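What follows is one structure encoded as structure tokens, with my remarks underneath.
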Amino acid sequence: MTFAYKIDGNEVIFTLWAPYQKSVKLKVLEKGLYEMERDEKGYFTITLNNVKVRDRYKYVLDDASEIPDPASRYQPEGVHGPSQIIQESKEFNNETFLKKEDLIIYEIHVGTFTPEGTFEGVIRKLDYLKDLGITAIEIMPIAQFPGKRDWGYDGVYLYAVQNSYGGPEGFRKLVDEAHKKGLGVILDVVYNHVGPEGNYMVKLGPYFSQKYKTPWGLTFNFDDAESDEVRKFILENVEYWIKEYNVDGFRLDAVHAIIDTSPKHILEEIADVVHKYNRIVIAESDLNDPRVVNPKEKCGYNIDAQWVDDFHHSIHAYLTGERQGYYTDFGNLDDIVKSYKDVFVYDGKYSNFRRKTHGEPVGELDGCNFVVYIQNHDQVGNRGKGERIIKLVDRESYKIAAALYLLSPYIPMIFMGEEYGEENPFYFFSDFSDSKLIQGVREGRKKENGQDTDPQDESTFNASKLSWKIDEEIFSFYKILIKMRKELSIACDRRVNVVNGENWLIIKGREYFSLYVFSKSSIEVKYSGTLLLSSNNSFPQHIEEGKYEFDKGFALYKL
């Protein structure tokens, strides 16, 4: 690894890339101040033999300001405090048991998942998650962010594990314990921007683009002068999480905000690093562009899978009747049918919301190139009141929505608590210390999202914690859906037959067919089968070809 430090026997070699600085000193707390040597690329280095694990340090710049290491491995006192040397991992296993076709993902925000809001809290729930049937947990970003309360997308130290969650040792233990249970760990990482508080990289060098902007903060310089070192900073970060913590995969935040005009896009390079270690990488993208997941021979970035917001939007708009914002493009049953058949609803057609033609067809890509959900942190948390879908629809609709995505050919992702009918909201929350930034966040969330709760108030964070009031019927329904998904080999195979009427769908796979009845309907059934699961008791145990009157609900039949 190029950045931060390397422990070599009794010596520690420190490295800082700071081409904007003429001189830099290393200040090791309670040890001394040391002049670093600068090379022609702006790398400052020094080797010391009097420092050890747990020692803390800062860098002193030309203007005498003291800053943490931008590649810090741990910030025990937060984003403005000194960096700490940690014990490097002594063992690395380049084997992973996680296969894309087996993925059933469970998205977790560490701080609100359990009362304690730590990695230890997550560990105590691993048996529960294993029993549910999921195969991987996806951890929302844990790179050090300001304070103790944040979604994680305001992180500023890409290599440092959040102190309030349990730090490096806590995360290492979580990954180890998850692996013992046969669960993979996917880490959500943010390479499109850095947070607005605690970012000292602007003083050091051209880490950030002068050409491009994001709504959330400065974006990395991937394609301008001296971008080679910035790309190295990011690519080594990917490798660091794999080799130091043995994570099984990554979720890349909002890749549509990563702009790179280089001959080889940074996303393709990230995928190369991930695949070198037999890991998985998933992208969040709102471009509806198959290039994200297309293989290199088709000029793609070769990312393993990408999120599909269209799938969520089509189900949400149809079941809730909401038509505001991006939901204005959705609301018909035909949208659900199209997303089932073609992945993207907008795959080259005009979007009224965007006021332009949007997307491209996915072609022959299989279902495991796409991740679907009926809830996630964005779709819940960016609502003004943070409502989960269970507060917006009736119980039968909730079960129908669950079946639609858990039995789809795509990779399903459950948002924490959804599987048992969690009703607590999930708000946006933060813990900044800068008064101007705090005011800006409050005003921005109220204006853009209609959020009346104060993001900075700890009560907003506490209200977002899971209640763990488990609805056993819903939990059992989810558990059986997941079991059926595995037993019927549903994953990846997009060769399903979808037939719909005015208020119903029939979806037929190789070994099954499923009925989705959105309101009482007369339906001509052209298959026969034995009932495996239903949302209520109105469906027959055995069904033959013929015409039936069905109440609202869902049923799954074995052919």
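Each Cβ is built from the backbone N, Cα and C atoms, and glycine gets one as well.
The substrate binding site annotation in Swiss-Prot covers 251-256, 309-313, 377-382, and the record cites experimental evidence as its basis. The annotation active site, nucleophile is assigned in Swiss-Prot to ASP253. The feature active site, proton donor is assigned by Swiss-Prot to GLU284, with a curator's inference given as support. Residues annotated as site 'Transition state stabilizer' in Swiss-Prot, with a curator's inference given as evidence: ASP378.
Features as recorded by Swiss-Prot, highlighted on the structure.
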residue: ARG251; record: substrate binding site; DSSP class: strand
residue: GLU284; record: active site, proton donor; DSSP class: coil
residue: ASP309; record: substrate binding site; DSSP class: helix
residue: ASP378; record: substrate binding site; DSSP class: helix
For the C-alpha pair, I'd like the distance in angstrom between ALA254 (substrate binding site) and GLU284 (active site, proton donor), rounded off. 5
Rounded Cα distance, in Å, between HIS312 (substrate binding site) and GLU284 (active site, proton donor) is 13
Show me the subset of GLU284, ASP309, GLY381 whose Cα is within 10 Å of ASP253 (active site, nucleophile); these are the recorded positions I mean. GLU284
Which whole-number value in Å describes the distance between the Cα atoms of ARG251 (substrate binding site) and GLU284 (active site, proton donor)? 7
Of the binding-site residues listed as ASP309, ASP378, GLY381, the one whose CA lies nearest the CA of GLU284 (active site, proton donor): ASP309
